[in-house]
Amino acid sequence: MSDLPELWKKLSEGESKSLLKKHCTKEVYEKLKDKKSKLGGTLADCIRSGALNLNSGVGVYACDPEGYEVFKELLDPVIMDYHKVDKVEHPPCDFGPQDKLGFDPLDATGEFIVSTRVRVGRSHEGYPFPPVSTDEQRKDMENKTIAALNTLEGELKGKYYSLETMTPEENQQLIDDHFMFKNDDKMLGDAGGYNGWPKARGIFFNDNKTFLCWINEEDHLRFISMQKGGDVGEVYKRLVSAIKQLEKKLTFAYSKRHGYLTFCPTNLGTTLRASVHIKVPKLAKNEEVLNKICADNKLQPRGIHGEHTESVGGVYDISNKRRLGLTEYQAMQEMYNGIKEIIQAEKNAK
Ligand SMILES: Nc1ncnc2c1ncn2[C@@H]1O[C@H](COP(=O)(O)OP(=O)(O)OP(=O)(O)O)[C@@H](O)[C@H]1O
């Protein structure tokens, strides 16, 4: 039996400022309530988290890649509202000219930037997202991904570490070092993100821990390139090289309108988040100024232990905010130019 009527009752009778509440009107609900995607995804799978967590900001997830079209009367307005665009459209993938990107290392003295990280999300074509996925499907995706990752050579060559066999101490150390994901997000949990945990989950990384792949966290796949310091170009190029090699072995869910498809509609498009952990003690004393520079440059500040955490010791995680409606290269340029401005503002601050 579907829990949809109960979820709808909670949502329609409850108070919420979420995009789900705003855009899942009675009319939209009536239109979508009996629809099903080919992989079996329903409206309940898309709204469960937001209905159970009325304090959500967005509250909507896609049940599977096709869900973006099957439930578009809900998802399109949510996407447009979140990404601040008038139309759901996205340019073709463009990583930019790898031999002349124009990303000279930021902060050559190492005074401000602690580390740089660029990640993208990918989904396997033909597989559902977490609320609809079975343990077998997750295992299948894990095996497929490991086989592809094991073909990587040179700097990217590495090893897979399963969450099922890792000790709690090893897991915690990887979390503390900012490499590993955790399962403490209630909204993601209620969306089905942790179903079957820890089965078929794990992390792949090379010896230097500069290229990593998360398997079956929020997305089927997250590819991550990171290293100490501010050499944005080197970090980005490594990621692009990994993506290009892996897309020869794996097929990713993609739509012309949305770009690369991810479980959460906020990540769609480039799916790219390029961040620095940056030490700005002077700006930290006046967060209003820092927040204004971030807003003006389309950047998002976070604490250093992930989204919704606080800054520690004047160190922030600052990244590009826009992911949809621009190319990968443009998203990187927004981050690069914005961080340059933040460093200048910190130098000028009293
Ligand atoms: N520039 C960076 N240097 C070192 N670690 C980083 C950097 N940016 C993010 N991290 C670490 O990556 C981990 C994951 O962060 P977080 O969950 O905020 O972002 P994400 O992986 O991009 O996913 P999402 O946006 O979906 O939350 C955290 O431990 C965070 O501290």
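Counting starts with 1 at the first residue shown.
Each Cβ is built from the backbone N, Cα and C atoms, and glycine gets one as well.
Keep in mind that TrEMBL annotations are predicted by a computer and have not been checked by a curator.
These numbers come from a predicted model, not from an experiment.
What TrEMBL says about this one:
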type	residues	note
DOMAIN	1-84	domain 'Phosphagen kinase N-terminal'
DOMAIN	112-349	domain 'Phosphagen kinase C-terminal'
BINDING	115-119, His178, Arg222, 273-277, 302-307	ATP binding site
Site of maximum Cβ density within 10 Å, from binding-site residues Val118, Arg222, Arg302 | Val118
DSSP residue counts for the domain 'Phosphagen kinase N-terminal' (1-84), split into helix, strand and coil | 48 helix, 0 strand, 36 coil
Quick one: of the binding-site residues Ser115, Val118, Ser275, flag those whose CB is under 6 Å from ligand 1, and say none if nothing qualifies.
-> Ser115, Ser275
Judged by the number of other CB atoms within 10 angstroms, which among Ser115, Ser275 is the least packed of the binding-site residues?
-> Ser115
In all the protein chains shown, the tally of other Cβ atoms within 10 Å of the Cβ of His305 (ATP binding site) is 15
Taken over the domain 'Phosphagen kinase N-terminal' (1-84), the model's mean pLDDT | 97
